[in-house]
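Feature annotations, reproduced from TrEMBL:
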- Asp112: active site (ACT_SITE)
- Asp324: active site (ACT_SITE)
- 94-442: domain 'Peptidase A1' (DOMAIN)
- 1-27: signal peptide (SIGNAL)
- 490-514: transmembrane segment (TRANSMEM)
Amino acid sequence: MLETTGNCMKLLMMVTAVIAALTIAAAKDGAVGGNVPARVLNLERVLPLNHKVELEKLIARDRARHAQILQNFAGGVVDFPVIGSSDQFLFGLYYTKVKLGSPPREYDVQIDTGSDILWVTCRSCNNCPQTSGLGVELNFYDTAISSTSSLISCSDPMCASTECSSETNQCAYTFRYGDGSGTTGYYVSDLLYFDTFVATSLIANSSAPIVFGCSTSQSGDLTQMDRAIDGIFGFGPQDLSVISQLSARGISPKVFSHCLKGEGNGGGILVLGEILNPSIVYSPLVPSQGHYNVYLQSIAVNGQTLPVDPAVFASSGDRGTIVDSGTTLAYLTAEAYEPFVNAITAAVSPSARLVISGRKPCYLVSSSISDMFPPVSLNFAGGASMDLRPSDYLVHMGFYEGAAMWCIGFQRDDAGVTILGDLVLKDKIIVYDLARKRIGWADYDCSSPVNVSTTSGKDEFINAGQLSVSSSSSRVYFNLRHARTNARRLLFLVLMIGFPFCSLTSVLSCYFFLNI
């Protein structure tokens, strides 16, 4: 039995060598079997076999090599999963997963383009939820159990906080969000792990040190268990945002994109890179703003422009029009809200009956809202319009008197702020191009694959849904699952040819070995 197994293992080694040879040959100029001159490479061990090296030194050497590899990334695309939906009865938010620390631990964090900092809940957090109504397991970051964690001192260039004290010399923060919630904590530096696509290559388990917040206290809605989550992933334009930190080191381009699916259970796409689509229209960002402010110029309902002074949408002081994925619904400045509601009501009367529910204008509908309610257009500088379907400005609030009740999803804002939240951002590609100071969008089925630029300004991109790469001269499709399946089939075929020389147990053992 041992001798038979040994023969099979020899066969496995021979097959593996053949596959490796074919793979190397195929990689050369896309051909197999060409007249390529043989070359011999002399390999030497960096660390002698009989030389004892401490584990910390090996880790440090790997980190240095890793940093050098990351420096060679020219516009690599960093991909994050997207979970959640804009449906307030399901999630009411979109979130992603990040891995931090050594050993890495996974945290669920809300995707928020209206703030800058990535923060997660600390182990020592006061008044913080211990369980979540979203069905996710809450994790707590602990600097003591991460070997790569370090505190940010007040003298660190990354610390712009005014809360530092001479006693602790620890860079602290306090954030307040638009809904009245807030968090207090301190800054730490630790490794962020991610997958980076560069051309046809997938660099798995890559990492880079980043500065983020460790929350020690929370208030407002952040303390509620129904939508509790591990933290918030701020994608704002300031220096401490993750997109700014990674792009400053050349790890990712200074542009990110998302496509949030609105139907079903939601989900979608989030990449540090530029999603490419011929339907995308762009509008300039308002300069020198802390958020992604845009020049909203007018609103049209059923093709008719509302009688609203464009100045009410302008960015001045605390006023302006902001694109914010951290807001579930959408908000209209008071000067535009009443004309908007009046225009919608006039367009559907008398087919839909207007009712007031909790001071919200709602409509009792007996047929499809897509057939009854008018289209809405948000018109921006540069001639870019964002077309809204009825489901992009209405929210289903159940049934009343046997009819479906749909309410205006836009909320009135008396402070003069217009916020485009997930209600209008869903089912669209949204591109935040910090390098060119513009924002773009296009209607899209966010369950479909997208093409993502790997280098700024070049015609090279990755298909994030199928891991395929395209350039201006050719198309190369790279499907990891398909390639791996073919390798397994080839090995199994050769092993079956060699079956008379191996026992069935040995063959299956060899096949299982490749599948690990």
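In case you wondered, yes, glycine gets a Cβ from its N, Cα and C as well.
Reported as a whole number, the C-alpha separation between Asp324 (active site) and Asp112 (active site) equals 7 Å. Remark: Asp112 (active site) has Ile232, Phe233, Gly234, Phe235, Asp324, Ser325, Gly326 as non-local neighbours, by Cβ distance under 8 Å and separation of at least 6 in sequence. Around the Cβ of Asp324 (active site), 23 further Cβ atoms fall within 10 Å across all displayed protein chains. Mean pLDDT across the domain 'Peptidase A1' (94-442) comes to 90 in this model.
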